[in-house]
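If you check TrEMBL, you get these features:
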type	residues	note
TRANSMEM	A:12-34	transmembrane segment
DOMAIN	A:64-252	domain 'ABC transmembrane type-1'
TRANSMEM	A:68-90	transmembrane segment
TRANSMEM	A:102-122	transmembrane segment
TRANSMEM	A:128-148	transmembrane segment
TRANSMEM	A:189-212	transmembrane segment
TRANSMEM	A:232-252	transmembrane segment
Amino acid sequence: MTRFDLGGMALRLFTALMMLFLIFPIGVTLIVSLNPREFLLPPTGITFEWFRAAWTSETFLRGMGVSLVLGVSASLIANALALPASMALVRNEFRGKGAVSLFIMSPMLIPTTIFSLALYIYFVRIGYGSGLLPLLVGHTIHVLPFAMRIQSASLHRFDPSLEEAARNVGAGRLRTLVSITLPTIRTGLVSSFALCFILSWNDFPISVFLAPPGWTPLPVELFSYIKFQYDAVAAALASSLIVLSAIAMVLIDRFAGLRRVMRG
Amino acid sequence: MLRRIAPPLVPVVIVLLIFVVAPMLWVFRTSFNELVDGAYMVDALTLKNYTRFLGNPWYLMNTLWFSIRIAVVTTAISVVCAYPVALYVARTHGLQRNILMTLIMAPLLIGLVTLVYGWIVIFRGGGLLNSLMIALHVYDEPVRYMWNIKGVVILLVYIGTPYIVLSLLDSIEKISPYLVEAARNVGASRWTAFWKIVFPLTMPGLYAGLVIVFSLNFAAFAVPLMVGDTSTQMIGLVIYREALLNNDLPFASALSVIMIAVNALILVGMAALFGRLILRKLESDR
């Protein structure tokens, strides 16, 4: 009785085309970076020559260093701020709770342009000028809502009676936190850190606004490079970034469920 | 009670007050300042920055109206691209679903510059697409896809579509399959069942996706900066140029205030429209 399902077929075909559209630029970059003859597709073989060039380029290495320092510090600070806050919000009911959570999540609602401009003007105004601090603040606040989201999700699944039990047998607040709470939500912390790091590591809009001279994060270096030449060395660098993002995606998905944290 | 809840919340609230609220207020204040030739900006209370933009038909047409149009068009295309995908993904399970979800979310986590690199390889003059089209004799001369408005539209659609898929999927998954089954049992065709049952119920998700993607695209500056050309005067990019290249912070601030106000206005309009759409649907079904 099953009729030939034209609608279902069309839906399937359209989805396949859309997936091709989404994955195409990523796949092309990976292929170009492994292809010995610069740019010519289809590939004629496999080489890691471009990767060697990208990973020994002084400019890119410096950019990587900046992005690494920035990503690690922004993620650490954002998570340190988010952990106590999400604990307070998940475990307590109080008047104004909705308003407080909305306020903490609000950086997500401000367009990057305006947020970056605001920080830029603000630091000029307070006489700091341009330096590393605005860049670090920009990255930290950008990733903070994501840290809140993952941590709240992992705390929701945490059974508070575990903590009560520890307190009952005489453990202090700090002891309970270190030996019960943190180990239990460790997967949430790992994925939160991974997400914050990868968002900061790949960020372009905030960095291009706020990076001070001498402190250019990797994506901005890559952008200035491909403005003038988009050879296979750039492809190798881009591919390295893709591989790193893929690893982070697996990690986040494993521990927190990627979809829940990326949704709008 | 307060003594227990306040301490863990205080640090984050203070950080946000100092580094988000105060800077945003300061943008508003700066928009009334004056830029003096030779000197830096001077504290003033002038509307000059606003009248310079709002009183200038060129700016209004080529920046504000242009950005609104680009945002509307790219958001609409994203919805058309995203809707069928969300419908399809909602039916999948297990491995297939994991693969699809990974592909959909990959562009959200991979940096913009990285993605742009791939698009350049595909779209540049002697790039993949042009070589293919010329080999297939679709056209003889390479066509420019990048460094103009076409590139900006393609990139914005590319980045916006995953967000809309995700928020539609939220709504679709909440719909009970029994609803559709019941409609089919009483004789509704597949198309009628979709149009009368599924579509109205996805309105909240669609609305959420529209809000996110419209706001993102309206304010976009990184995409036009990377793949646009000098004629791409999107308001976000103009703010960036005025602030960093021309050092005209008061004007950039006024533009930011205008951008937020217009965005809010459009979102309110969209909320009203969606509210009315859903209401009308309910009434007609009664």
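Yeah, the Cβs are placed from backbone N, Cα and C, and that goes for glycine too.
Given the structure is predicted, the values throughout are model-derived calculations rather than measurements.
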(message) Using Cβ atoms and a strict cutoff of less than 8 Å, what residues sit near the transmembrane segment (A:232-252) while being 6 or more residues removed from its termini?
(response) 26, 29-30, 32-35, 38-39, 50-51, 53-55, 57, 60, 150, 190-191, 194-195, 197-198, 201-202, 218-219, 222, 225-226, 258, 261
(message) Below 8 angstroms Cβ to Cβ, which residues of this chain, lying six or more residues outside the transmembrane segment (A:189-212), approach it?
(response) 66-68, 70-72, 74-76, 78-79, 82-83, 112-113, 115-117, 119-120, 130-132, 134-135, 138-139, 142-143, 146-147, 150-151, 154, 182, 218-220, 223, 241, 244-245, 248-249, 251-252, 254-256, 261
(request) Could you tell me whether the transmembrane segment (A:128-148) and the transmembrane segment (A:102-122) have 3+ CB pairs under 8 A, leaving out pairs under 6 positions apart? (result) yes
